[in-house]
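Some notes on the structure that comes next.
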Amino acid sequence: MAERAALEELVRLQGEHVRELKLQKASAEQIEEEVSQLLKLKAQLGPDEGKHKFVLKTPKETLTGKYGEDSKLIYDLKDQGGELLSLRYDLTVPFARYLAMNKLTNIKRYHIAKVYRRDNPAMTRGRYREFYQCDFDIAGQFDPMIPDAECLKIMCEILSSLQIGDFLVKVNDRRILDGMFAVCGVPDSKFRTICSSVDKLDKVPWEEVKNEMVGEKGLAPEVADRIGDYVQQHGGVSLVEQLLQDPKLSQNKQALEGLGDLKLLFEYLALFGIADKISFDLSLARGLDYYTGVIYEAVLLQTAAQAGEEPLGVGSVAAGGRYDGLVGMFDPKGRKVPCVGLSVGVERIFSIVEQRLEALEEKVRTTETQVLVASAQKKLLEERLKLVSELWDAGIKAELLYKKNPKLLNQLQYCEEAGIPLVAIIGEQELKDGVVKLRAVASREEVDVRREDLVKEIKRRTSQPPCIC
């Protein structure tokens with residue numbers, strides 16, 4: 001008992017040390033090292049400690065050690081008791097915590113919610129400090145690459161349906177990266193920090209990345225050059241097969257496992273009909289520390305100015321990968337639940353759509369309303385209310401201005417500004433004739449429709465779902 005009490009005291013002191021480092025804004029590497037030491041001490045207490053005292057919460061102690069160098073972007077907070085907490089950085093870590101807390105081992109789900117990054121906002125690039133993400137995840141023990149292929153299929157379906165332009169999905173595997181670093185001579189302690197440098201290759205040229213590796217992170221120049229020979233390669237399944245024969249990588253167990261899974265993945269992607277959208281890119285690293293296998297990232301492409309030139313990337317809009325060890329980090333007994341998922345940057349896509357519409361001088365439609373019920377004369381509020389009620393009962397998305405006697409011009413202008421495609425106009429003559437004047441806002445064409453046929457005509461004209469682009 002005395003030995004256990006001494007160990008509990010060490011855990012308490014180490015916990016205080018970790019909290020003090022966070023208060024002092026120590027480096028992410030130092031905090032992660034001390035948190036790792038804290039977890040080792042807790043592990044020595046055995047299962048009883050976990051059973052009775054391991055309480056899952058959502059403070060930064062939960063988030064630390066999952067995001068690599070991006071940990072500096074986590075928002076720190078304090079509750080009334082002075083405990084350090086954080087706003088969620090993404091939806092993946094909270095999802096893994098939820099699985100562990102509820103002892104779930106099999107689930108497929110999607111989730112749309114806000115996340116927070118202590119970053120420099122760039123509105124034109126869709127980068128914010130508070131923004132929405134849409135996540136889809138599959139958790140459970142399944143045969144290799146089947147759920148991974150489904151996630152990539154879903155990602156391609158989403159981006160194709162949005163019609164926001166041509167896109168390419170880059171894929172890689174963290175095991176291939178780790179194997180590549182090993183055969184190139186990167187020390188184990190530098191794997192993650194060098195991985196973060198490689199992840200910048202989509203934004204800066206290789207020479208800048210190499211300078212960071214050598215100048216800032218202390219990597220030997222010849223090791224960086226060996227890495228450069230690999231990470232500047234990209235292609236399809238033929239590149240996978242080529243690397244399987246690589247004299248160095250083929251001797252590394254991790255790399256071989258990753259390459260074998262990628263070969264199988266490309267077979268499934270071909271069956272799903274999306275292999276032409278996928279590129280095996282050795283520069284893709286995904287800086288988040290919780291990824292353990294396949295990783296992927298979707299980028300939009302813009303057509304090059306001249307034929308024959310490579311298309312230029314205009315930014316990442318979705319990403320994801322496999323994270324088989326994350327749930328186990330929250331489970332008192334370390335029980336793992338394999339997971340794979342994807343995340344779509346909602347604001348990033350909105351930003352792209354808005355830019356395209358602005359370039360085309362088109363207005364963004366701000367409502368789903370199909371028709372505005374309008375009146376051509378005064379004292380027809382009761383008739384407008386009757387008609388809008390009829391349309392609502394028939395499942396038509398209709399609205400009216402909240403004024404007793406709105407001017408017709410104001411009602412038409414409202415439709416143009418809001419992007420409402422149709423106006424159902426009633427006047428004294430229309431009421432006498434039993435018709436409604438249906439006006440197409442864009443063309444300004446008008447036609448009299450029998451009142452009993454109005455619902456059918458509106459549905460016919462609005463049967464095609466509106467495209468956001």
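Any Cβ shown, glycine's included, is placed from N, Cα and C.
TrEMBL labels come from automatic prediction, so no person has curated them.
Within the set 182-209, 238-265, 322-349, 350-377, the record from TrEMBL flags 350-377 under the feature coiled coil. Our reading of the L-histidine binding annotation (D90, L91, T92, R117, Q133, D137, R286, Y290, Y291) yields a largest Cα to Cα distance of 21 angstrom.
One residue stands out among the binding-site residues T92, Q133 for having the most other Cβ atoms within 10 Å of its Cβ: T92.
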